[in-house]
Structure formats: C-alpha cells, structure tokens
4 protein chains.
Amino acid sequence: MADAKPYYAHPFDDSKLKEECGVFGVVGVKDAANFVALGLHALQHRGQEAGGIVAHCPDQGFNSARRFGYVRDNFTKASLMETLPGPVAIGHVRYSTAGSKGAVIRDVQPFFGEFSMGGAAVAHNGNLTNANALRKELIERGSIFQSSSDSECIIHLMARSLQRNIPERMEDALRRVEGAFSIVAMTRTKLMGVRDPHGVRPLVLGKIGDGWALSSETCALDIIGAEYVREVEPGEMVVITEKGVESHFPFRPQPSKFCIFEHVYFSRPDSIIGGQSVYETRRQIGVELARETPVEADLVCPVPDSGTPAAIGFSQESGIPYAMGIIRNQYMGRTFIEPTEQIRNMGVRLKLNVNRALIKGKRVILVDDSVVRGTTSRKIKDMILDAGAKEVHFRIASPPTAWPCFYGVDTPERGKLLAATMSEDEMRDHLGVDSLKFISLDGLYRAAGQKKGRKKSCPQYCDACFSGEYPVTPADMIEKGFEMKAAE
Amino acid sequence: MADAKPYYAHPFDDSKLKEECGVFGVVGVKDAANFVALGLHALQHRGQEAGGIVAHCPDQGFNSARRFGYVRDNFTKASLMETLPGPVAIGHVRYSTAGSKGAVIRDVQPFFGEFSMGGAAVAHNGNLTNANALRKELIERGSIFQSSSDSECIIHLMARSLQRNIPERMEDALRRVEGAFSIVAMTRTKLMGVRDPHGVRPLVLGKIGDGWALSSETCALDIIGAEYVREVEPGEMVVITEKGVESHFPFRPQPSKFCIFEHVYFSRPDSIIGGQSVYETRRQIGVELARETPVEADLVCPVPDSGTPAAIGFSQESGIPYAMGIIRNQYMGRTFIEPTEQIRNMGVRLKLNVNRALIKGKRVILVDDSVVRGTTSRKIKDMILDAGAKEVHFRIASPPTAWPCFYGVDTPERGKLLAATMSEDEMRDHLGVDSLKFISLDGLYRAAGQKKGRKKSCPQYCDACFSGEYPVTPADMIEKGFEMKAAE
Amino acid sequence: MADAKPYYAHPFDDSKLKEECGVFGVVGVKDAANFVALGLHALQHRGQEAGGIVAHCPDQGFNSARRFGYVRDNFTKASLMETLPGPVAIGHVRYSTAGSKGAVIRDVQPFFGEFSMGGAAVAHNGNLTNANALRKELIERGSIFQSSSDSECIIHLMARSLQRNIPERMEDALRRVEGAFSIVAMTRTKLMGVRDPHGVRPLVLGKIGDGWALSSETCALDIIGAEYVREVEPGEMVVITEKGVESHFPFRPQPSKFCIFEHVYFSRPDSIIGGQSVYETRRQIGVELARETPVEADLVCPVPDSGTPAAIGFSQESGIPYAMGIIRNQYMGRTFIEPTEQIRNMGVRLKLNVNRALIKGKRVILVDDSVVRGTTSRKIKDMILDAGAKEVHFRIASPPTAWPCFYGVDTPERGKLLAATMSEDEMRDHLGVDSLKFISLDGLYRAAGQKKGRKKSCPQYCDACFSGEYPVTPADMIEKGFEMKAAE
Amino acid sequence: MADAKPYYAHPFDDSKLKEECGVFGVVGVKDAANFVALGLHALQHRGQEAGGIVAHCPDQGFNSARRFGYVRDNFTKASLMETLPGPVAIGHVRYSTAGSKGAVIRDVQPFFGEFSMGGAAVAHNGNLTNANALRKELIERGSIFQSSSDSECIIHLMARSLQRNIPERMEDALRRVEGAFSIVAMTRTKLMGVRDPHGVRPLVLGKIGDGWALSSETCALDIIGAEYVREVEPGEMVVITEKGVESHFPFRPQPSKFCIFEHVYFSRPDSIIGGQSVYETRRQIGVELARETPVEADLVCPVPDSGTPAAIGFSQESGIPYAMGIIRNQYMGRTFIEPTEQIRNMGVRLKLNVNRALIKGKRVILVDDSVVRGTTSRKIKDMILDAGAKEVHFRIASPPTAWPCFYGVDTPERGKLLAATMSEDEMRDHLGVDSLKFISLDGLYRAAGQKKGRKKSCPQYCDACFSGEYPVTPADMIEKGFEMKAAE
C-alpha cells in the first residue's frame, strides 16, 4: 500500500549500480542526533533518496524523523533537530529498491518497535535473501507489516522472540535471516552493531569523546571528529553503552566475503577499508589496467567523478598525460523534478560537458569505473566524438558486470546487463569505440592488495557480480525464477 | 514515538467538547475516493485535525493518503485523488486525542493490515475502553504498534484471528473490545460497517446509484447525492458488496444508548437522527428551556454558531425577539499557527465580535449549547457588558457537564469541568452574569422526543457526561485512578 | 506581465458581487503591524485573495510583506511579523479584479515609492475611473509601472509632484484622479487617510491608546480594542501623527454618495455606518420587504449567511416562523484549489445543504441579499424542491441589480446581469420559483434611515447598480464602449 | 524596502570571490524559455542565489518568473515553464550583492519596463560605478525604483529616453552609465546584447537552428547544442531578430580590459575565452607556478574543485605526483538553511575531508586558485596537519588579491583582504604553512597567452584586484570614501 507522494526519478544515472544504504549510530554524547545527521551527510553517496533518524532521551522517550531528500536539506534545521534530543541515536540513508512502484515514507528506516521490555530501533544496510519467505510466515502468525522493506522482518522477529532483553532478541532474530547485512540498532540506552557472518557490507567502530560511533564508512567518522577504532568483524555483534563495547559472535563462523565493489565504486575515496585507502586502491586499479591493457593515446581522461583515481593511476603508469576532458556540472543535484519533455531529452548533457578545445584532434583514453547497461557510455562517446576527438578508448576499472547483486545493491535484472549478453568485442562495437578493455578479476584482486590475485577455491571477496559465484544462496530470487550459474 | 511535525493547537476553543472522529465509506461506484473526500468534507465538524483515505482498485491494490489539515485543502486536488483509484474506499477525519503530546501522521486513520488472505483497512469513531489492556497483551505476543491510537488494536486482533475470511476476523476482533465504536472497514471488494452493542456513536447506510455508502451522519449522504436508507443498528455489522447488504449481529444484545450529546452539539443541524431533524431537536431544546427557565429580557441572542437553533426556539416560545448580538468572523478558520504573543492574547475576539449598536442598553439572553470549563463564557459575557448591555442572562441548551466522556469525545479531566466543582449558583457568580440556567435532563429528553422524559431505570440515551451513569465500564481509566459515581 | 503563480478561482460564488478591498492603518503604537494584521483579519470579507502590510521603523526603514491567501494564514506568524517592526503601518486586503488574467503578487497593495524626500506607501479601496488615461500619460513621460493596478497611478503622480512634502504631493496626485477611493497611506512618521469627494467608499477613524487607527469599517476597530471616533468625511484628508489629527479638504465639495450596497451586503453586520448598525439596517430591509411583498408561507429561511438579518426582519414583520432551512458548511473556506472534475461539478452543494426534515412539505420563503447572474439562486431552488418543499418564494433584500459598478466592486459586464435583460416576471420564470420579489429602491432607502425614501433630484446614496445613475462618469469604461443610461 | 523572506547565507565559502551574475538570451526558437533555463543551469556557477526568466509570445505578451534557489529546482518544472511561452526569452542568475541586508525577490533580474512603444526586459552582469548618482537623479525626477539593484537604472533611463525605438533608447541609457556591464535585453521581437567599452565582462554569440543565443560563457551554448559564433566585442551592441544580427558601436572606443579573474576562477573550465580553453589556461598557470616557485615535496594536491587544473599543470611541470589529498562532499549543495549551532561550527569539514591514508607522513603541495580572507586556507591547513602531513606548501594560482573589485564581483572591503595588510611572508606565518607562494602577475599574463607578460603602460586585462589599477573610476565608491592607489 503506497502513500501518495511527489514523483522522484533519476533518468540520467541509469547505467550505474546503486548502493542501497548507509547506516550511522552514536551513543554517549549530548544531542547524539546532531552527530548522526553529520555522519549521514558524509554517507549521502550510499543513498540519496531518503533519510531517517531515531533518538532517545529519558524525558521524552523515542523520537524519530524520516524525510525524502538530502540530509543537508532536512536534518540540519534547528527546528527539526531540537525534536530529536538525547544521548543515543541512529540513522539511515537509502536508495529506493528496484521494483518498488514508488517511494513511500513508511519504507524509510530506521524501523521502530515497542516490545514488552521497551522499544528498539533498527537500521540496515544490505539485503535479506530470505525476506519474502520470512514475511509470509510472519503475516500468517498475525504480524502487521508497515513497509515493503525486507528490513522490517528483523523488528518483527525481535518482537516475537521469547528472550528477555533486546540484544538477545536481536540475536534470535538474526539467526533466522539470510543474506548480507550491516545493522545499527538502539535501545533506550544501548547502541548495537552487527555484520552478517560473511561481512559483505562494511561497518566500522569509532570513538568520539566519551562516546562511541558506528558507521558504514570511516569518512563519516572524520566529519564528526571521531577516532577510527576498528572494523566490526564479520559475524560480530557489538553492544555499546557509555561503559564500553561488548563483543558477541552469535553466528556460525563463515569465510569473509567483503564486497569488492565497495573498493571499485561504492565507498568514498577518502574512506579506509581493511587499513587501506580506497582512493589508493582505485589508483592502483588504474595502474594495473594500464599494465594489462596498454594503448597509444594523447590524453587519459576520467569519466567524472568516479573514474578519477583510476585515471590518475593509468596516467602515472602509462606516462600519458592526465587531463579533465569531461567537466561535470556541480549544480546538477539529484535530478530534475517533473522535467519538461525537452529537458528529459537532454540526458547526460545536463550533467557533463566536453572540454572541446582540449579534446579536439586527440586520441583519448576514457577511464570509467564500470559498464552496467552501457547507455551512458554511449552518450559520452558521442559527446567526445562530436567535440572532434580522433580516437576514443574506454578502459574500465572493474571486470564485466555480468550478474546481478542480491546483497543490497540495486542492479538491473540479468538480461539488461550488457556483459551478460555480449562479449568484450561485441560491447566495443555496441558502444562504438576504438577499443574497450576491462581490468581482469586477478588484476582487481592485486590492486586490492591480494598479491597473488584471486583464490580459485574460496575467493577473498564477494565478487558475484563479476563471477556469478554467490556466497549466500539468493533463496527468494530463486523462487522467483532466477537461475544460478551452473557449477563448473 | 512521535514523528516531528508542525505544531497545531487551538487556543480559542478550549471550552467546547470535541467529537473525535467522523467515518465514511463507499463501494460500487467509479472513483470511490472522490465520494469519500466529499463525505469527509461534510463531516469535517467531527474532526478537523487530520484526514485519511484508503482506496482499492484491482490493478494497483490498496493506496492511501493521510494528511494533516482540512479535507478541502488536501483531498480535492486532482493530483492526489488520481492516486486513489478504484470502486471501494473508506475515510476518516479526526481530532487529536487529549493527552497525546503532539499529533503524528502515523496516528491518522484508516489503519491498514496485510493478512494472509489479503489486506483490510479500518476507520473508527469512538473509543475502546479496554484498549490499554489489549495493547499490552498484544505487544507481549509480538505485535508491533505503529500508532498510539486505540483503534490500532482492532487491526492487530484481526491479524491474529484464526478465521479464514476478513469479516469473521473482524467479528473475532470486536468481541474482544469494549467501549463505543462505529467502524467502517474495507477489504479488496467489500465495505463493512459496525456499531457497538449500545450504538453509542452514529452510523447510517445510504444508496448511491448502484453502490452503497456508510457515513457517520446523513448530511454526508446529502453532499454526494446518496439516498438515506437506514441507520446501522446497535450491535449490527453490515458487509456490503455491489450485490447488496448482508447483516450480522455478532454481539450479545444490549440496551441502546445513543449519545445524547450528538443531538445537543456534535451532529450537524441538517443531519437526521432516528428519523428526527437535529435542527428541530435543538430548536425544541430552546422551547423547553424557555418554558423551564423564563426571564424578562429584550433580546434572545445565540452564541454562534452552535447556540443558534436553541435560541430560535427560545425566542419563539418566549416571544422575546431573536437577534444576532454576536457576530462570528467567517475567516477564523481552525486556528492561528505560531501566533505572535499579541495575537495569542486576543482569544475569543478573533472569532467573535459584539453587535454594539444592537446590544447597548439591552437586557440580553445568551443561548449557548453547553458550559465545559467556562473560560469562553466569561469572555463573551465581558464583551457583551463592554458593549453596554444592561443585563446578561445565560441559558444553556444542555444540563451541567459534570462527568468526562470515555466514548470518543475529548473532555477535560473531571476536576476541570466547571459543573463538577460548582453548583449552578456558584457557576453564575463565577461567570459574573445576572442569571445562569441549564435545561433539565428531563427537558432534554423531551426535546429529543421522549415524551415522558428520562427513564430512571434504564435511560434511553448515554447521558454519562451529565449523569455520571456510564453504560460501559471505563476499565482503562479506572486503572488509571478514575472514580465512578457511587451507586445511589 | 504576469509572474507565474498558483491558480486560484472561486467557482461557487459566481453570483455574488465582490467588494474589491479593505484598508487599515495604525500610528503611534508599538508594533503597529500586529494591529494592522488583526484589523485586516476583521476586514477579510472585503477581500479574500491577498493581503499586504507595510511598516516603518526608524532603525530599519520601510519593510513590507505581501501574500496570497488569508490574513490568518500569513500575517499571524511571529517569524513574519517580526520583520515588520515600528510604530506606523498600513495594510490592505483585496479581491482580484475582473479581467485580470491571473493574480500576481506585484498587484498586491500597499504600493511603495521612494521619493527624494523619503518614501511613502499607499493602499486604496475603490476604483479610479480615469486610470487608463493617467497610466498612458505617465508611461509616456517615463514612469515604469510594476503592476496592473489602477492604484499605482497615485504613487507615480506623487513621485512626479513638485510639492516638497508628501501630504501635499498626495493632494496634488488626488486632484488628478477621478472615481471612488478611500485611501490609507503612510510616510516614515505619518498616517494619512483620504475619501473621495463623494465619499463612495467608507473610512473611519479610531483611537487606540496614545495612537490612532484608520479602517474601512468599525468592526476592525473593535478587534483591536480601538474606540470609534468618527467617519473620515467625503473629500477629507486626515494627516495623523502621535500629536494628533490634522484635517484637510483638498477637493471641490460634492454631494455625498455613499455606496448603498455597503448597507445591503458588503459591510459586516457588526459594523456601524453613519451611526447606524448595519445589522439593524438589514433587519429593517426585511421588515420593509415583508410589508411590500407579503406572501403566505410556513417558514422564512435565509440564504446563508448574508440573507440572515433580512430574513429575521421578514419573519418578525410577517409573523411567519424563522428557520434555518439551508445549512452552510463552515469548512468550505475560500475555494478548492485544483479540484477534480467531479468536485467542480458539485457546485453549491459543497457549501450549502438543505435541512430536509424541516423543509419537506412546507411553503418556504427564501430571503437573499441580491440576484446578480441568478446561477446560484437556481441551484438553491433545485435543492429546496428536491428536499420536498411545496412552494418556493424568493424575497430579495435589494432592488434588481441592472448596472455594473465602476467604483471598486467586481461586477459582471452588463449583459450578464440577470436584471439587465429580464423583467421581474421573466426572472421568476427563469429561476423557476413560485414568486420572486425585490425590495423597491424607496423601501431600501427607508430601511437605511431615509424616512421619505429616495430623493429624485439628488439621491442620498450611490445606487448606480440599481438605477444606472452614476455620480462620477466612468471615463475609461466609456472609452471601452460602455453605454450610459439615456437621460430621462 | 525589503520583502520578508527565508534567510539564506553561505557561511563556509567566505574566502572566495563571488561572481555576481550570468546572463543568457535566445531568439528565434520555439519555447525559448526552455533553452534559457538550460543555459542558466550551465551558468549557475556565476550566481547561485536566484534566477529569473522573461519570455514574450504574441498571444500573451510578456511573462516572467523569478525565484530564489537553483535553476534546476525552479525552472525545470513543466508547470512553470508552460507559463513562459514564446520565441524570445532572456534570463539571469545572480549572487546577492555585498551590503544588501537580505535578498528580496524584487532585486532578482531581469527587470521589465512598459514603454509607450512596448515593453522591454533587461538583465545585466557587471556593476555600474555611477549607479548611486544616477538613482538619486532619477528619483528626483519622479522615477519609482522597485529594487535596490544598480541595474534598474538602465530601465528607468530607457523609459525616459525620447528615442522612438527601444534599441536607440538603450543606447541613450547606456551612454549615461559607467562601469562594467554585459547586458542581454529583449523587446517583443528582438534580442539584444551589449558589452561595456572595456569589455570587462564576457558575452558570446551562438547559433541554434534558425535562432540565436547570447551567453556569458560558451559552456552554456554547449548545453543547448548551439554553435559558438564569436564574442560580442567590447563596446558592441548586437540587435538580433530571426533575420539576423545587426551590430552597433554606440560608445567611444576604449582599450580592451577583460577581467583576468575570469581566467583564474570565475569561468567554467570547459568554456572558451578568446579562442582559448579556460582549463588549459589554468593548467598553464600551474606550469608557470611550478617554474616560478619550485619546492621539494611528495604530492601535489588541488584544493577542490577550483585548484584542480593548476595542480595538474604543477604536477606535470614539476614531476611530483598529482593526488586527490582532499575529497569534496558532492552533496554539500549551496548551504545549510537554519543550521544548528553545532553544524554552523563544523565549517569547512562539511564540504571537505582529508584523504588520511594518503597524506600521512607526506610533504604536500596544496594548489588553490586564490587567497582572499585566508579563513578557509587556515582550516584546510589544520585538516592536512591533523591527518599527519609532514610539510604543507601552499601554491596560489593568482597574485595576491589586494584590492576590491567594483565591476560586478563581490569582494570584501579592502581592509579584510589578507594581501592588503600583510606581506607574503606574513601571510605564510598567519596561515601557519611551511611555504606560501603566489604566481606573479607576469606569470599569470604568460599563462593567459601574453608571451611577454603584462604590458606596463596599458595592461591587456583588468587586473585591478591584484594591481589596484582601475580602468573605470569607481565614482560611487570614491564618494563613500574609497581611496584609490596613489599614482606611482
């Protein structure tokens, strides 16, 4: 059931994968919600459609605010933030999920439940692969769902648990779910964080004054001046009060399968994953790419902004000068609301413009992070050729994206992934460029610090979108007809 | 847990009782939601804070819209109404409940639940007197409440029922609740209506073309051009499809106890209750009042607008000329949002002005519908005397309001009811008027068509607010410390 | 040139004449703008489309705010009112003028001009009958108009005057204009008020503490607690400072021609005109009407709300019981914005409902204030007959409206006035009622206190809308082709 | 006089100069306003506070819309754009002017005037240095100003001109004004463009289908797919109809003095000025800077985004690797509205974050475009040192900014310019960096294509902000007490 709402859409970014969420939580500081707002602002790249914050203070109990739009437009007004007092707060930013017919405010996390021993709020980054089955079961037993979100299952499972305290109820609930999840949650006094046994999605712990913070990425610790402490480990659940951090491991241990696409595209370049700068990994991808797929040219240009670090690396390794051949309009914002027909047809031009005087007569290498549907790549190629480039060579900082992600990333169905239906040469011809090369999976692993490349038997990362090897069986999707890759 | 929202308050109407809700539903017509919007507009006097509509159409399933503010400001825009297609729809208008710290959109009805055999939506006028106990029990079993509304219990009880269809689940649920309720509900294809066994709140059935309507009052049938068929009977549940109306009686029969205050104040004067014009009953109250409490004077003036029919009756019976001594500002609207200090202090003057040239030097009878806290009555008396009236006589079209209502009307706690702490003479002195008289309970019953007045043993109406005789024990309130009147 | 803006329209009031403006000003009190806001709220019936306030304080100079919508929705917020500090302020409420293709905020008064000796603001109720000619002349000399309002001519004429102070510049300007006007204006320290030589529109002076107020009507003095002092006289200009009121008479004396329709419909019933209660004049109209046009019937019902006082008088004189046969929806507000097709077609039903149980089988006299196009009258008649009335008799509290007003009232062009094209009997048949009678012009004058009725040679009022005798030649309209009544 | 409005401010960009305006106009295409909206979107960097569009179509005459906020948020909605039909349109984006107490919609251009031979609209980039004197004179003659903008003088001068057509009236008007201006203007059928005799501000001509466009920069021609034709020449006035472009030279010839800061910072890097890529000029500034002010270091990092091209050039010339040491939050937007105290204190951190893992232990060269007040530079230095950098060297892509601009750029008063009160060494110590070096004025000229550097006698550019040599005497400012540099 959808509450009526303004129409939002993003007609120009159709060929990028979208992270679905960022989470952030703070305990032990005055006006924790203010810190959460800043943290979410730093995580805005992980979800631009909507955001929510829940806070608790002893006088007023739980308060929440959930809004469509950017954090900076909603959660910065004193009038709103004053309604969210107290020393514990969690928050969430999100994209809309593929398939939902329209965004509704009820789907905006965190979710809240009042239990017999007090309330709890939960926010979640990832995707539960058995959510449909769980939902059906819960409805049959009389649970009433308020949203279409898979995450709401968690709070209902907690409500039905027979455990006597909330952290144990959460353990109970999480033992029923499958998939990828990084969770921040709160009770009246505690902040909690959990990562799934494979640790597919990131979650880090920071220290701020006498308090603590949990965040999807380190860049959000930086913005509030928190000190990075460590990553929450795969399968770990931390329960944090002002007194300190308790660590639990409620799940059966599993091999770690961190999402390699966080390195390629999702995470912010100033974040640190596994002790390593994301920016540096991306630059190194460019270095590997230059080694694997050299080409003679006059300029190396990034497709802004995500291709920039790899383009810098490519230039440094190849010796071909780095240049800003495509300029991004800083005022593009999220999208045009209710655009006129004419504007709808402008497409990528509203966002990007070619630096004509620079490009004219040149052989240009364009470095982009990935090719999903290929729509935008074709338009960019057209713009570059219109500006008089002599040759256009695409170099892609990830292997061909041939499989959908079921772990919290919004991917088109498999048939719409260019690499699922075409070979590299076919893609080159389809895009109409002089050459098109992707980094190899081994090269990507090397750039990410695995010197020997990818382990055959049990890869160090979740790379299902490239390899089709899914660490967790996507049960709901299989029931809907998705076919896994045949075992080799 | 309260979602942040603009602050709404009504500083100038503090001495009136407030009906909490109006309900309306339609089945079997194209774009049923449009009819519901019109019906709710006609019922706006029953609840001015917020409104909601749920509609179902086969293509899209259930859709809903819930908004703060007037129906005419929200549910009249084509852009919104187009999101509510389909041949079945129900709606609700409401006041905020006393005690809630602020209105939240989640508390706005109708409530919706997805059950294993399909969804249902429920809207409710009245109050469940055992809601706290039910809520506690449901939470302990793992239900998650999304609102602070007593009505949400109904949908959770339905979700947990083991019955195989929705009407039977609703019967199941309603057998667990106590109190006063008139409900409209809907499934994908059916419209349902229920009144509690005492029939405290009104609910009427109408016919519109090939379809059917349910409404709190007949005036809302008029606005959509529906023909009045009959009242839903106390304890009756009607299940309506395009094929017709099925009638069920799921409860043990009880004596009818329709709220007599609906006659005095709540219902619109152009509505018909029990075959009788509300306007005519009120005029007759004025006639009885003139007989019971005559006084010599120059003018009979209503306190606008609710005192008007009784003032007309008083004038006709007494022969003293009827006049508009107090003029109401038509543009007052609901209230001032964020008023300046100066405006806050203006109080009643923003709404009412004395017709000075008329009043000067006159002996004036003011006819008002009720006295609750007495605040406004004092201010009106001051205005009348400032304008040069020689004498001021208050005549009240209801008996002294000495007891709170627990059946869906927002009354102050008992200690704040003027009549709970003062005799009639003390009230007269407190208000500072030359005389103050109330109609007797017998007189009120006679005006309402009970020729012999009120039956001692089992009164024909619920008149608890005057008599302290509550037809349903207010269990939750007793647990909170409310003391019933000692049996005589 | 029109600034884009939301579409506002009033599809349901098409058969009423509309006053175009109300003006209010205060000097000599702290935060004068707050008093102006209250005054405008009390004058809202004179103009519901938009309102504006200009205030001056020594620190900040002139500030203004102009808004579409009701005073209560805009000028009551502390955040806005704080931007309008200072001891002098004037304000304006307005209807849109017929013929303007859409309302624009630039047309909302007061108008402001910066002159070499300091600024001035002007607000105006009425209409300048030579505005087109003046505008053309001013543009040719290099004045730039910011609005389509006739009133802007005044400020440009003032800007070009060679007088050395603002009151003298205003005298200069007003000697160039023709038509009907009641003006409030202000400089940095002075409040000014002017009425045209015929005194067509009202303007009254009040005292509030150490300060002074000017208002279109006395009801707006009441709301701020100001004492009524006197009317500004026809042709008088008052210049008010904290020290007192100076009186000037800059025009050649003319016979007084106050608008008689102010008595019939425009002014609020609680206002006092010429020492006489407007309510009492209207009641007296009903008395005269009952004498002039008696009819046998069961009930006298007003068409709410403007017909109420005359209906009371008719009932009192005729002895036929007064009753509320038609009930007005209090929540109708100004109009529906962007209504759905279905709602657009509901018309008058959204606003009025018949009291069916009362009307059924009765002979009903309906008292209305006027008949303009007749559209609403027909719909009301249909509603009454649908409800089962046996006979319907219309009694109209004004003579047939056969001529347009050019002095500040929004009337349809002559051809659309029912009385311009039909006799009384034809109108009766057109409306489909059992009888239709208007009060005579003599009867109206008697009700307004002229015992001998209307003077033939030089009527005491402007009654051009009934008689076609225009006290000021409508020059602009004659140039556009309007034909005056042939001299008899 | 200020209309009340929401508070907008930009607390975090206080150390950048701000261009005040961008202008764009189109004639000879269907729905010209849609093209203007796109052009303004591409020029948004020249003015982010507000935008306005005026369009003319034969049926409806002139229409306008003026809004606070981004073009993409206002001028992209079909509902608004439909109100601006017709084949001629002009538009404007603007910053607020220093000294204005708050932005008001009346100050938003284009300005419109109705003359005796038809209306005209005017939009202006630059600043009139004798506007105060002109305004005073015009007011004395009876002109009424609606804004506090210097640009409004032009339309009043046009209104008072005795010429019989609008282009000649504009010539008349412009011969009275002094200062820097690039104007686009329109009549009912013509598009006009003018540059002041020195050509301080840019204006280019483009061809789109059968129509023509005028734009502040070429990047806005690109977005609508228009072909770049040529620059409007200093002192030239073009009058464009569908038939073609007429060229007039109404002013006495003057040496060209194009603003050199357009090259350094204002213009977009993908624009072309004088046949040269702005990006390439900036890269070349980096090259010159590396030659003039070498330093040993590990990394060259831009201060994003304006320092990027110069940093690339510096790296290429010096051989020191280019790296993204500071990451910009893409979701920062214009600013926070009504921020909480806590957020207000965050300052630059909301916008920029250091790439900690990269910076730690490194000697870092930071390349920025300019130093104005130095506030942001200090904060950036602190962030870099907090992240563990070993050394910080600032290299600035412009000479020290020691003089305010009076030609349309919002600069602090002289006393607040760091370079006006400190030597380079004092600035270095004030900022607390290991070294601070600016490019020389000669180096800047060389990068801009003047091989021999700056001409002593008559410099090729306006470089008053660096040199204090003002090509047009700032008359108004001198009257307010500004002291010019003593002649050497």
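Each residue, glycine too, has its Cβ placed from N, Cα and C.
Annotation note: D:Cys21 (active site, nucleophile) sits in a strand segment as assigned by DSSP. The annotation active site, nucleophile is assigned in TrEMBL to D:Cys21.
In sequence order, D:Ala180, D:His198, D:Val200, D:Lys257, D:Phe258, D:Cys259, D:Ile260, D:Tyr407, D:Pro471 are the residues of the chain that are 6 or more apart from D:Cys462 ([4Fe-4S] cluster binding site) and have a CB within less than 8 Å of its CB. What TrEMBL lists as [4Fe-4S] cluster binding site is D:Cys259, D:Cys405, D:Cys462, D:Cys465.
Residues annotated as Mg(2+) binding site in TrEMBL: D:Ser306, D:Asp368, D:Asp369. D:Ser306 (Mg(2+) binding site) carries neither a helix nor a strand DSSP state and counts as coil.
The domain 'Glutamine amidotransferase type-2' annotation in TrEMBL covers D:21-243.
A count of other CB atoms within 10 A of each Cβ picks out D:Cys259 as the most crowded of the binding-site residues D:Cys259, D:Cys405.
A straight line from the CA of D:Ser306 (Mg(2+) binding site) to the CA of D:Cys21 (active site, nucleophile) spans 18 Å.
Taking the Cα atom of each, D:Asp369 (Mg(2+) binding site) and D:Cys465 ([4Fe-4S] cluster binding site) are about 14 angstrom apart. Nearest by CA distance to D:Asp368 (Mg(2+) binding site), out of the recorded positions D:Cys21, D:Cys405, D:Cys465, is D:Cys465. D:Asp369 (Mg(2+) binding site) carries neither a helix nor a strand DSSP state and counts as coil. If you take the Cα of D:Cys465 ([4Fe-4S] cluster binding site) and the Cα of D:Cys21 (active site, nucleophile), they are about 18 angstrom apart, rounded to a whole number.
Taking each Cβ in turn and tallying the other Cβ atoms within 10 Å, the top scorer among the recorded positions D:Cys21, D:Cys465 is D:Cys465. According to DSSP, D:Cys259 ([4Fe-4S] cluster binding site) is assigned to a strand segment. All chains included, 20 other C-beta atoms sit within 10 angstroms of the C-beta of D:Ser306 (Mg(2+) binding site). Comparing D:Cys21 (active site, nucleophile) with D:Cys405 ([4Fe-4S] cluster binding site), their Cα atoms are 14 Å apart once rounded. Apart from D:Cys259, D:Cys405, D:Cys462, D:Cys465, the residues listed for [4Fe-4S] cluster, the same chain places the Cβ atoms of D:Val200, D:Ile260, D:Phe261, D:Tyr407, D:Val409, D:Asp463, D:Ala464 within 8 Å of the centroid of those Cβ atoms. Within the model, the domain 'Glutamine amidotransferase type-2' (D:21-243) shows a mean pLDDT value of 92, rounded to a whole number.
For the recorded site, D:Cys465 ([4Fe-4S] cluster binding site), the DSSP three-state label reads helix. D:Asp368 (Mg(2+) binding site) has a Cβ environment of 23 other Cβ atoms inside 10 Å.
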